[in-house]
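Input: a single structure, listed below in structure tokens.
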């Protein structure tokens, strides 16, 4: 028994601590030691981990801090508990530390134990014990680590709860199943306890972790005597057995299991403990009373009969008590049995017991038996038994207690008298020589005595001579007579006692001399009182047997029902044996044969006496065609010869021999008989060959097969084979020429015509399942194959000797064959088409074959184009009959490569696809199809060609839709400030287009008229900056050099920024945009160009200006900039009203020169970016016309 407590390893811990302290003193260096890991502990258990420090300086009481490194974050320290700082634990452990489930126990000033009372799975990890330094200098180690592995608690201890009622001296068996699923190597200990109410549990027996059985002091002696056992049954079951229960064993029994694991320091630690449910056992004291009775079957016996007396004890808990039994005859002791059941007999009965005549035994715990196997007359008297209970003392001695005996049983033994009778029977009174004889001798008795019999079998032959066959003495020994000794030794004569009163005699393979009178002589014996045997009486009985000799009437006859047969037919020969012998009679039959034209017989085949077949030396030609059969019910032998030939014609005769098998397995020939002669004649068959004479005419297209049939209407035999010769007759030839010959054994031979015309690879011969129809197929017929065809048939038969011979031959009717070339049926679709696409789009041109000459033909497709102003036809692409794609001759000129794609989506439809079309692809297209056929000689030839309808393809460039923003505001900027010139593209012709952008300064040429508009004046364009479609910049204008900044804000928005504006920069500006596109040949061309509207730029001088004067005076500022606005507004409204009225009064409302009197654009207000400058109203050139 053990208990689980946190300090279980304290002794080992203190020893380690002491050694470590000594080590620290010697080294004068701080060393921190922690319990060695890894430690394996179960969930829910209480674990302790010791830690000590040595070699330190300062106070003797050191402090300890415990941390853990979890497997999920092995580099991160998680603080658990400290002996000094209550705020040391992290939040995950704070509650468990405060509740006392995790704490540190001081063992000494320099050693401590970490306690975790209810271990959790998340507590697994690497633990670190740290001791804060109290040293003057940092020297040594201040922490140590170990690993803790937390495994599931899988230990289970289960027992069936129950309440048992037992009687004193009964046995008790209880089982407890203990199982664990721990993957680690662990040991189990199992302990059985008995507990009574208000008492401490008492250990009954336990199996320690080291597999040692032990008990408490209360049960140790009973364990030594084997009365208390603990057995392990299977893998998990532990059975407690208590023999001879005592009243002190009453209580509740339960088992307790513990799982132990060995720590790295080699000590064993109990990881978990489980207790099963209990079984309440109540033990009742026994009743000591008992009774005895004596029984036997009957009271009257005969000398030699057995008798059995049964002394039956009736008591409680007999197996747990001790009884002695004694037997008495006429008040004289016969025998006694002690508690050890060893019988002790007196001198007279001990001698009879040693001779096996008497037996005293214990049949069971409560039944004792006295048995006398052979009663004597002096055994008549009274029998009884006495039972005495004994008590065993502590020293092992027995003390007699109560004794009881039943009433006497008297028996009477009568003397013997002979009263037997004998009867003999046999299996037959008349038998055939060689059959078996069976005799039975039955002895009947009036009373069932225990005597024995001796039996003698004798034979009285026809001459009244008596001989002893075999006898059996009273001891069961069998002895044969002198004249039958040899036959008996080979098992030919057997005698057996099948029952106590029944004896048999068997004579096997009888002889003629076994005939006579068989007699059974029986003598009855009984054993006298002195053990000697004496004759009581004798009786005899007999029966006659007659035996018929085997050779009586033995004769043989040969017959046949088919003296004349045809080749390949069968005939039978029968050898009839008389008389009709049973199948076991050994008869050998030999068939002899004399071929036609010879005078000597030779043995053909012999059916031996043991049923085997033995062929003669000259019978090789018969073996495969001859069957020999012996009838099951007789010795008649049938000889069947199949596929008869001349070699089987001749005279046949059979010879029969009658045999007898002797007792020593030798054979004796009793007789031989020869039959009459049989003559067999073999004739040849008459032919019935007929070949079809019908004529046919066949006209077919070249390359089709020519089917030629040769039909056999009738044949002589179903086994006939045919040789077929095929001929062709041409008008220019006098005789037919051999094409092919197939022999009767299916071998092929090509004729001279087949070799000359190269027909070998085109001929196919076939014999149909019907057997009489032969076909010759000329594959891939040619025009030269035309002619008259016929077949020549030879009928062959297989002779019985497996040699083929030609029986007949016949010629068939002729088949006229005409081969021609196929008619031309190639036709293409003539549909006309007109396709217009934009450049870079694709064009699909379809060529459809509506019909073709043959389904196996191959087509070549060629596409042509007629381009404008080019009268010559150009080949675009060609698809050969081998499905190989080829470009036309002008592939480089037209840039076809990589842009053409040919596909055939369905049979007869060919589609040419021109990708990324260009303007030069415009033209008139059509396709030309050639149809090619494969000649029978595997040569392709062009049979037909046809052209499709034409399709006009027009490829256009995209429409120019370039648009640049023409409405741009005027801008006023101060000197030295930058201004921006935006070029905004509103629309483009294609998303793939690129732009070239250029900015210009618009200046009026010198000498221009003052006051004229931009349209009227001669404008000089000064290039500021240009950017090509390839993003290459042109040179900057001289005036702006170094002051321009270009930006592309989006694909359609370009900006030019002029830095350090100068009053000389005042003027109009514009941007010109060119749109460029790439053609399919990746060449860029200019599609269109567009120019924006003029942008007016006013650069103000930053010197002392009117503006600065006005801005410096608030009153003047409001007077100049705010009050004039209403006045100017009223003025504009007045002008507009005057103009409206003048339009109503004048038809055209025009001036003298047709120019509007007044055109005012919206004034451009440029508000100063600073809050100190008022808005600027500026009217730029071109504002008022």
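Cβ atoms here come from the backbone N, Cα and C positions, even for glycine.
Please treat TrEMBL annotations as automatic predictions, because they have not gone through curation.
According to TrEMBL:
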{"type": "SIGNAL", "residues": "1-28", "note": "signal peptide"}
{"type": "DOMAIN", "residues": "43-147", "note": "domain 'Ig-like'"}
{"type": "DOMAIN", "residues": "152-257", "note": "domain 'Ig-like'"}
{"type": "DOMAIN", "residues": "285-395", "note": "domain 'Ig-like'"}
{"type": "DOMAIN", "residues": "415-548", "note": "domain 'Ig-like'"}
{"type": "DOMAIN", "residues": "568-671", "note": "domain 'Ig-like'"}
{"type": "DOMAIN", "residues": "685-812", "note": "domain 'Ig-like'"}
{"type": "DOMAIN", "residues": "822-930", "note": "domain 'Ig-like'"}
{"type": "DOMAIN", "residues": "958-1088", "note": "domain 'Ig-like'"}
{"type": "TRANSMEM", "residues": "1115-1138", "note": "transmembrane segment"}
Secondary structure content of the domain 'Ig-like' (568-671), with strand meaning DSSP E or B: 7 helix, 53 strand, 44 coil
Interface-richest range of 152-257, 285-395, 822-930 toward the domain 'Ig-like' (685-812), CB pairs under 8 Å: 822-930
Residue counts (helix, strand, coil, in that order) that DSSP gives for the domain 'Ig-like' (43-147): 11 helix, 43 strand, 51 coil
Within the predicted model, mean pLDDT of the domain 'Ig-like' (152-257): 91
